[in-house]
């Protein structure tokens, strides 16, 4: 049907220049690591006549890598105000400016003999990813019909995984991973940005944003007709008008106001727990171990990059699978199952690592653990976490909630990246104990405290959380006087 095609094309136009960039830019920096470090040394030698010390090169590379999450954190903070002032769609379009700046800087860095340009370009790339990681799920979830909301919002995770895999493929030596082509590799992120700049303007703004934030009912109806076709829109419009009435007279909330508001206590706690667990569960650290485990399993060194593509493909396959089943299975089972399986595989992985030198088939078990861990992450936590802030917060609180989520995601990414080498050094083969504890605690929280949001309207979800938020308040004064004293009449 035409309306389904319009919705699918909207998802693709938003995703290709949105969360796709997050995954793509994380993976393309891995292939040219040694080439860029050599370029830094050669540039410094030309400038000063003396080569850089090995520790200084490592420090400069650390700055280059750290610039990405720092930019992401800045972008996550800026995403909320942008989504409110510019709108969801316009924010995504404006966001491409940062990638274009980054592509120009990195593409001409070797010509200009400036490694500083690479560091600045990574900051702008992170800025773009930080904004898109927050605005895209918000835009898609607000544009989707209730019965498809989970699947449509979850495409953000699918595009992240797709970007990760394509970044690994493009970074191969045969394509742009060779020493003479690394500036082109780093600048290749301009292509998705240009595709989005051409495609996204043809699709409508979020109908909820137009009605509730802008108060423009005519534009909202027009956007709904584009997205749904000419089917009956009365029920959906009535639901939006009810939400508009519920938030009438309110302004968009600031992040600190959510922490002070008792009415969103459980919603806020839920997204803090799940957003933190997303990075603290150890999934990204599996990629750190992948090359070592594959080498121990006897895979030739020159073939390892091709096998590593398989790990990214696992995440892509599971996120697409999760996309198809989320609105049937629900959010809680996918999160609970994902974190529970990850906890189990973490134990098996630590045992396999500790016995790798003694038992000949242990490296193969370690390989299985890497793929299984990434599959478990992709089937639930990778996608569902990004959907929840849209579902559990109302229109006025949603941008602030995404600012908190995004800030936690990028801060924890930086924290794990910094701390993981020290965890490996101190705990050796048992380095996954902290990640195991995170997975267990998150699974318990989801099992006991997170309500299901599948197939419910935003108002219904708000009402369910309202009961939880004020349950203790109503229990604080249970005594209402003796039952028998109902009247003073004798």
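For all residues, glycine too, the Cβ spot is worked out from N, Cα and C.
Marked as domain 'Major facilitator superfamily (MFS) profile' by TrEMBL: 11-454.
Long-range contacts of the transmembrane segment (7-24) within the same chain: residues 89, 92, 95-96, 99, 125, 128-129, 132-133, 135-137, 139-140, 143-144, 148, 152, 155-167, 189, 192-193, 195-197, 199-200, 202-204, 227, each at least 6 residues beyond the stretch ends and with a Cβ under 8 Å from a Cβ of the stretch. Residues or ranges marked as transmembrane segment by TrEMBL: 7-24 (among others).
Taken from TrEMBL, the feature transmembrane segment applies to 56-80 (among others).
Taken from TrEMBL, the feature transmembrane segment covers 92-112 (among others). Away from its own ends, the transmembrane segment (92-112) comes close to residues 14, 17-18, 21, 39, 75, 82, 86, 118, 120-122, 124-125, 127-128, 131-132, 135-136, 139, 182-184, 186-190, 192-194, 196-197, 200-201 of its chain (Cβ-Cβ under 8 Å, at least six residues beyond either end).
Marked as transmembrane segment by TrEMBL: 118-139 (among others).
Sequence-distant neighbours of the transmembrane segment (151-170) (same chain, 6+ residues past either end, Cβ-Cβ under 8 Å): 7, 11, 15-16, 18-28, 30, 133, 136-137, 140-141, 143-144, 176-177, 185, 188, 192, 305, 308-309, 312-313, 315-316, 319-320, 322-324, 326-327, 378, 382-384, 386-387, 390. Annotation comment: TrEMBL describes 151-170 (among others) as transmembrane segment.
Feature annotation from TrEMBL assigns transmembrane segment to 182-203 (among others).
Taking Cβ pairs closer than 8 Å, the transmembrane segment (334-352) reaches residues 274, 277, 281-283, 322, 325-326, 362-363, 365-366, 369-370, 372-373, 376-377, 379-385, 429-433, 435-436, 439-440, 442-443, 446-447, 450 in its own chain, all 6 or more past its ends. Summarising the annotation, TrEMBL assigns transmembrane segment to 334-352 (among others).
The transmembrane segment annotation in TrEMBL covers 364-388 (among others).
Sequence-distant contacts of the transmembrane segment (400-424) (same chain, six or more residues past either end, CB-CB distance under 8 Å): 65-66, 69-70, 72-73, 75-77, 79-80, 83, 126, 130, 133-135, 137-138, 252-255, 257-258, 267-268, 271-272, 275-276, 278-280, 282, 284-285, 288, 389, 392-393, 431, 434. The transmembrane segment annotation in TrEMBL covers 400-424 (among others).
Annotated transmembrane segment per TrEMBL: 430-450 (among others), in sequence order. Sequence-distant contacts of the transmembrane segment (430-450), counting only residues of its own chain at least 6 positions beyond either end whose CB sits under 8 Å from a CB of the stretch, comprise 266, 269-270, 273-274, 277, 280-282, 285, 331-332, 335-336, 339-340, 342-343, 346-347, 349-350, 354, 381, 420, 423-424.
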Can you give me the average pLDDT across the domain 'Major facilitator superfamily (MFS) profile' (11-454), rounded to a whole number?
87
